[in-house]
Structure formats: C-alpha cells, structure tokens
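Annotated features, as they stand in TrEMBL:
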| type | residues | note |
| --- | --- | --- |
| TRANSMEM | 46-68 | transmembrane segment |
| TRANSMEM | 88-115 | transmembrane segment |
| TRANSMEM | 236-258 | transmembrane segment |
| TRANSMEM | 325-345 | transmembrane segment |
| TRANSMEM | 357-375 | transmembrane segment |
| TRANSMEM | 417-442 | transmembrane segment |
Amino acid sequence: MNHEYSLLINAVGDQTTIDNLYLFNLYYYFYQRGYSNLILKDLSNVFVLIFSVGFMTFLVQCVDFSGLMKYDAKTPISIAHYINFKNYWNFGAFLWICLIIFIIYIIIQSITIYASTRKFWGIRKIFSESFGIQSKDMSSLNWNQVMAKIIQHHSIPSLNCYTYAVRIMCRENLMITLYDGLKDLKFNKYPLTKLLEWNLIFCFIDPLINEKREIREDVKDNPQEYLTTVKKKIKLASIINAVFMIFILLGLMLYIVLQYGEQFYSNPSLITNRQWSLKATWKLRYYNELPHSFLDRLNKAAKETRIYSEQFPSRLAETISRFCMYVLGSFFIVLLVLTVLNQNLLINLNISHNRSILWYIGALGIIIAFAKSFIHKTILPDPEKAINKMEKHMEIENNWKNDPLSLDTKDEIISLFPWRIVLLLQECFYIILTPYILYFVLREESDRIANYLLDSLTTHHCIPGLISKYSLFNNAEQIGQNQKTERSFKNFNKNYPEWNLNSFMYNINESLHPTAISHKVTESTQTLIDVDEDDDESY
C-alpha cells in the first residue's frame, strides 16, 4: 500500500474494521446529496467570503461617501467621479493585519477543500462500486434506503440502523447529555452563540474524541488527564478569543450586513420573524437523531411554535401599530398619488433638505411593513391547542402542558424561539463577553462539567469506544428511567419502524436465557410504544 492511498484511508475511514469515521463520512456524503453538491458548497462558501471581504474593502477604500452625501443633484455626474481604485491597496497597519489573517484563513480553507475533494472522491467510488448508488440517484433516495444498502453490503451482525446512529452521533449525544443533565450551570444563564458553542465543543468534547471519531476508552482510566486538558484548553481559548475578538466581530458584522441587509430592507417584517435559538436546538434534540431527521422535525415544530407565539398578542403594540400605519399610510398614499399625476415630482421635488418624494415613499414603506408585523390575525387564542400540536414534533415540559395559558409558560417557550434580530444582536454582543465567560464562568464549572461527562460514559460490546449511557436503547427499564432517553427511543422507533429492539436484544443476550430476556423486553418495549400511541391519539 503506497503512502498516498494510506492518507486517503485515514481520511475516509477504515472499511475493514468499519470505524465511526468511515460510517460518518458515508452519512455526510448522503446528507450533502453527493460529490458535486458537497464540493460546490465548500467552494461557494469560500468564494462568498472572498467576495464579501473584497467588496467591503472596495466600499471602505475606494468610494467617496462624503462626496456622495454632499451631491445636490443640480449637475448630472458619473458615479466614477466618486470612485478611486488606486486607493484599494492603500491600507493602514490595522487593515494589513486583517488582510494577512484573512489570507492565512483562506489558504487553510483551500487546503481543507482540497483534502475534502480527495476524501469524498473515495467515498463516491465506494457508493458507486460497493453500494451500487450513483451520484444522480442521491437526490431521490432517502437515508433508510441508503443505509439498508450499506448494512447489506458489509453484513456485520452488530451493524444496524440503531448502532449506526449511535456511532456517528457520539459527539452530538455528549452535547445533548450536557444540556439535559446540567441545567443549573451558571454558563447556561448566558445565550449560547455559535462562538460559545464552538469553544464548548473545543474544550470539553474534542478531547474525548480520537481520530476515528470514537470516544476514547482511556479517558475513564485517567480522568485527571482529561480534566487537566480541559482547563488548559479553556485558558487557551480565552486568550485566542480575546486576541481575535475585534476581527471576529468585524467579520460577523460584515456577514450580517451582506446576508440580511437586503432581506430586512425588502421585507422588514423578517426582523420580527422567530427562529430556534442554538441552545434550544440542543435542548430539543433527541439522542441518536440524525441531522436530516432533526432538521425536518425542528422545521415542523417551528411552524407550530410560531402559531403558539401569536396566541399572546400585545394589544397595546397592536393599537400603536395600527395608529402608525394609518397616519403614515395616509402620507404614503398622498405622495403616491402626486407621483402618478406628475412623474417629475418623484425625484425632483424635495420634501425636506435633499430628500425627494422617492426617498420618503421608500422610508414610509419600510416603517409601515415593520409596524404591520406587530398585528396578528389570531381572533380566538387557544394556547392549549397550539401546545398539543407542538408536542407532536418536540419535547413539551409538564408545566407547559399543565398551564399553557400562563405567562411563565409563554416566556419559557418564547425564550427558545426568539426574534431573529435578537439572535443576531446576541451573536455580536457576546463576542465581546466570550473571553470573560470562558475564563471566569466556564473555567470555574469545568470540573463539574467534565466529571459529569465522564460519569455519563459507558461501553457496549457492539459499539467501539465509549458512548453516552443515555443514548443506549438496549435496556427497556433503563429507557424508562430517563425522560429524554424514553422520548428519544420513541422518536427513533418512528423514524425506523423496521428496527426491532426485541431481535437486537435477543442477539446481544442470546447466550443468557434468550427466551426469558426476549419475553421481558417485548413486554417492556411494548409498554413504551403503547404509551406513545396513546399520546398520539390524544391529538
């Protein structure tokens, strides 16, 4: 075996032992719907980033905005008069530092994409030659069909839809365990931004995972080494976040302006559009739930949660909004009629200093559209019905079901489903606070978090490495002891009706009283499923 092929195997994963990395790459290839789409998406992200930085540099360096603001429209003039391309590379020291960091980042991304093209070309060949799945078929196949071909090809008794999910979701299951078990952390008082999530995974999850994407078995033997590594990583992350804070903030603000600026301008009501917070996604996710299933469920839950959020309209806000819409709408109509009667008035008649009718029509339209977003169409609010519909797609706390009309219930649900603009502002603001949160909050709780993660790990002879004990579905009694595990088990049965826990348990324990075990598991499992079906009928 030559060195080049060896590198490819390390990237793809080991087909002989069927390690977690290999299984994960197969799923990721399906999730991205084939080779072309996967590579094109990576390239597109890099080109978008290059364009964004280049375009913003052009605006800052080359465009004379002060001159544009002073233009009085008395003399027609070309836009080229206010653009000087010679200033493009006329950087100060700070911009040169930013540019150097950006170039280094692009080089790293380019190397990563190159490695990715080689790796997934190997995965493409595996799909084509081993599983008989061509790239053109990826868009028409669902995961259950693809997985069936993978399992059939490898013919390993321990590999089924359940063990496949447990193995490739080992990292995600640890995060779910963290947010389900440690709800009273000081760290949880802060919103979870993408930057904080990255640091949390970097400090606590990554040290547990080896190069095969398996949880290292030696961490249980030497927990002190893991604790020391976590603390070192927190200190390192605090320093890195503090040093690069300004660059991260500028980059994020640039992204928000270019990504959402046009959307908010053309449709101002999107500012008050709601979406799941990052913390909510970890709280709502089930153990062993693959990304495609989770996103589908989350989108369905978002639709019902959005309806629930409209069950508590602010009458004061509606009254003020209707008043503003009436007053501003009156001015809008008058200006519109004037431009219809005489189109020359549109740009030549100034209502205020250097502000034409066209400018006021645009501004009034934006304000009216924004005010309209505070007016809800719900005539007869029914929060209880809305919560029952939400429960079909997400976890519902008992106190929510018991008192759906309570403002406390509303506040708890809305905190998971805030306005998009709030999430964007949090992302920006908490970049500044991240070094403080890491060093003074997360570091103090690091021992508790690390020990909890270690205590949650267990082994299973069908699964290499360690796994979260709460993601284990091989003990019906244990499933019923943890609410998250029980709900995860029910959800897994819905997604994979062909999976049979009874036969799985029988194969595992066939050497230990198989008849008695099979009967016990059948009875216990059927109880769990019957409860779930009763819940469905209540809807």
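Quick reminder: no glycine exception, Cβ is built from N, Cα and C everywhere.
If one looks beyond the transmembrane segment (236-258) by at least 6 residues along the same chain, the residues whose Cβ comes under 8 Å of a Cβ in the stretch are 52-53, 55-56, 98, 101, 195, 199, 202-203, 424, 427-428, 431-432, 434-435, 438-439, 443.
Sequence-remote contacts of a segment are chain residues at least 6 beyond its ends whose Cβ falls under 8 Å from one of its Cβ atoms, and for the transmembrane segment (325-345) they are 357-358, 360-361, 364-365, 367-368, 371-372, 375. Sequence-distant neighbours of the transmembrane segment (357-375) (same chain, 6+ residues past either end, Cβ-Cβ under 8 Å): 265, 267-269, 271-272, 314, 317-318, 320-322, 324-325, 328-329, 331-332, 335-336, 338-339, 345-347, 349, 351.
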